[in-house]
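Annotated features, as they stand in TrEMBL:
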{"type": "DOMAIN", "residues": "189-593", "note": "domain 'Major facilitator superfamily (MFS) profile'"}
{"type": "TRANSMEM", "residues": "187-207", "note": "transmembrane segment"}
{"type": "TRANSMEM", "residues": "227-247", "note": "transmembrane segment"}
{"type": "TRANSMEM", "residues": "254-276", "note": "transmembrane segment"}
{"type": "TRANSMEM", "residues": "282-303", "note": "transmembrane segment"}
{"type": "TRANSMEM", "residues": "315-337", "note": "transmembrane segment"}
{"type": "TRANSMEM", "residues": "343-362", "note": "transmembrane segment"}
{"type": "TRANSMEM", "residues": "407-428", "note": "transmembrane segment"}
{"type": "TRANSMEM", "residues": "448-469", "note": "transmembrane segment"}
{"type": "TRANSMEM", "residues": "535-562", "note": "transmembrane segment"}
{"type": "TRANSMEM", "residues": "569-588", "note": "transmembrane segment"}
Amino acid sequence: MALGGLVSNRNFTSFIGPESVYQSGKDLSPQRRGISCAYVACYGGQIEKDSFTRCWHGMSFHAKQLLNEKVSKPIPTFHDEVQHCSSLSQNFVHMNMKLKAGRRCQSYLSSDPYGSSLIQQKAVYGPGLKKLGKEKMARVHYKSEDYDMTETNVDPLASTEGTGEAILMEGNVPQVSSWWQQFPKRWVIVLLCFAAFLLCNMDRVNMSIAILPMSQEFNWNSATVGLIQSSFFWGYLLTQILGGIWADKFGGKPVLGFGVVWWSMATVLTPIAARIGLPCLLIMRAFMGIGEGVAMPAMNNMLSKWIPVSERSRSLALVYSGMYLGSVVGLAFSPLLIQNFGWPSVFYSFGSLGSIWFLFWLRKAYSIPKDDPDLGVEEKRFMLEGNVSNAPVSSIPWKLILSKAPVWALIISHFCHNWGTFILLTWMPTYYNQVLKLNLTESGLLCVLPWLTMAAFANIGGWIADTLVRKGLSITVVRKIMQSIGFLGPAFFLSQLSHVRTPAMAVLCMACSQGSDAFSQSGLYSNHQDIGPRYAGVLLGLSNTAGVLAGVFGTAATGFILQRGSWNDVFKVSVALYIIGTLVWNIFSTGEKVLD
């Protein structure tokens, strides 16, 4: 069978089946069954003014007229655009006729292995608009062999051996794939990174809870407990820059996958290492830090390849909120597991979740969009138009990177930001207990509040930042606004702690301080991809190394200050660094690309 399709935006579209017999629900006479029937889906361009009505009415059969005329007259066609399709060597042909006002008329032809064909025509009244029209069906039977028109006698109800039927459907009959197939692939990557960071902090904070029964079982003193807690940062510092280099050279997928598997295995082996001896436990905690150290640079590399600038703040905010929620989940479930199953159960259960994540990561994640065979054309075009970088990196231009003022603005600002953040997150239970006179149980519950606040405000800030970018505000201005909130907000609320008199107000100030701190996800944390998308992993490795050092030194300095001063002195140092970070950021940072 041969099928010719002429498509016109002004007049009509015709489909001709050379050896066809039309049936409209009742038997035809033998004379009419011997006539080769052609049917026309007329696009009525000269009949109706409304484009949808033209399409709808044009999809009806005119077989009766053709039968009466015995196809003696040629079918007149007028067209501006022609699409000619053949179904002999194809299983599926899709002809898409685009109309005015966002409407479209679609025709489908498909054939099965037995020679039967299915023709569907449907009028779709544009995406997002109300569906109109009712389905109307008619059947066309044909023989694919050549017969003389005057001698052909085709039984319309014959078996499918050599015959088939075509069904014409008018109205709106959309063929929509499942929602998970339509879900943007770039946000699949974001959600997988969110889950990885959720596991990251779950595995990190479980030791802060499990260390209490462990120290009782193994008779560890305070100095030993401090050594165990700090051993994590040995490996964490080691792989910040290395993780960025690996991700920029080899892609974010293998590096982040390696990190999750590595720290998950270290988490599962922690109880075994603890029972072997203290040195083995310290090494295992350092190994865990090695795995988590590559997570941030690899994630930053992945998002720089997948996420356009108009969605950058929201995506990063969602991923980092996974860290905050991971702390909440870890702090909430660790005591329950320890109470019911013993302290090793925390490490076994949390660590095993990494293997489940890794299976999804292998199937769904790709380092760059062009490697994904399921990525749609429209989404790929959207990402390319959104300044997504796909260029590989063969070498790291260290001299060029370190000569740029915006890079140093990132490093210094990250140090100032993490000084206050790590102090609050590390010393907050002690502050609640010593200053607010809350018991340990109440302190532990209130420690969850800042993490929840940060998770909420990080996503709010990301939405605001992306909205400002879409409205035309420059990326530089947006980054400076968001990071200024991330610096000056905590500085203001920490300065008010010396004036509050009730525990409720003190906790509120802490929560507001951490909530405004989360706006930094749309400030300095998003800026790595702005100034150097090809080197996003290395840039985050550099700045986060400074941030981790701030956490290590700040935590130690806080203990030193408290021995000779008060909590007000601790907060004054943090406020001073926040102000320094604000000045450096607003003077030297930029949202423009400075590294190619």
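Placement of Cβ uses the backbone N, Cα and C atoms for every residue, glycine included.
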### Task
Look over the recorded stretches 187-207, 315-337, 407-428, 569-588 and say which has the most C-beta pairs under 8 A to the transmembrane segment (282-303).
187-207
### Query
Have the transmembrane segment (569-588) and the transmembrane segment (407-428) got at least three CB pairs under 8 Å, pairs 6 or more apart in sequence?
yes
### Task
Mark yes when the transmembrane segment (343-362) and the transmembrane segment (535-562) have three or more Cβ pairs under 8 Å (sequence separation 6 or more) and no when they do not.
no
#### Entry: Residue numbers, six or more beyond the limits of the transmembrane segment (448-469), whose CB comes under 8 Å of its CB atoms
309-318, 320-321, 324-325, 327-328, 331-332, 424-425, 428, 475, 477-479, 481-482, 485, 507, 510-519, 521-522, 526
### Task
With the transmembrane segment (254-276) as the reference, find which of 315-337, 343-362, 407-428 contributes the most Cβ pairs under 8 Å.
343-362
### Task
Quickly jot the same-chain residues contacting the transmembrane segment (343-362) by Cβ under 8 Å, restricted to those at least six beyond its ends, or write none.
192, 195-196, 199, 202-203, 206, 209-210, 213-214, 217, 253, 256-257, 260-261, 263-268, 270-271, 330, 334, 337
### Message
Counting only residues 6 or more past its boundaries, what in the same chain has a CB within less than 8 Å of a CB in the transmembrane segment (407-428)?
### Response
401, 443, 446-447, 450, 483, 486-487, 490, 494, 510, 513-514, 517, 520, 524, 527-528, 531-532, 539, 542-544, 546-551, 553-555, 558, 570, 573-575, 577-578, 580-581, 584-585, 587-589, 594-595
### Query
Along the domain 'Major facilitator superfamily (MFS) profile' (189-593), what average pLDDT does this model show?
88
